[in-house]
């Protein structure tokens, strides 16, 4: 089920409910909402970003509060197994290089397959993004993101 949600953004946020695309507090807090309904979600750290937080944006142990409105519920194609796409050597763990290459491919694909100046600038600064991903996802700090640690979509079927 695809959910389209409005909150503190200019654009609605669309994701697949229950697919691990958002924090657990959202998956749990939105399950019984109706289109047009507005709700305040208060998400404790254990259903948000935990003791680690999220980069420099959300401190560890933060309780998150969101005012949301459900705009649309629709059918969507099955979620892509993103872990499988990133894990090029199929060793069931993601290296910084694999994550970096995946992000570069996604940036170029989003730009119509050509490297524009904007994309070149984003790629040049994406090392910071890779480090933030590892700070959040590499729970045991061994330099790799395991299948269990990965919070994104990682199942072929739902």
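For all residues, glycine too, the Cβ spot is worked out from N, Cα and C.
Quick look at what TrEMBL annotates:
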DOMAIN    1-74  domain 'PPIase FKBP-type'
DOMAIN    81-109  domain 'EF-hand'
DOMAIN    125-158  domain 'EF-hand'
REGION    136-158  region 'Disordered'
For the domain 'PPIase FKBP-type' (1-74), provide the mean pLDDT of the predicted model.
81
Reported in the order helix, strand, coil, what are the DSSP residue counts of the domain 'EF-hand' (81-109)?
19 helix, 2 strand, 8 coil
So how many of the residues in the domain 'EF-hand' (125-158) end up helix, strand or coil by DSSP?
12 helix, 2 strand, 20 coil
How does the domain 'PPIase FKBP-type' (1-74) divide up by DSSP, counting helix, then strand, then coil residues?
9 helix, 28 strand, 37 coil
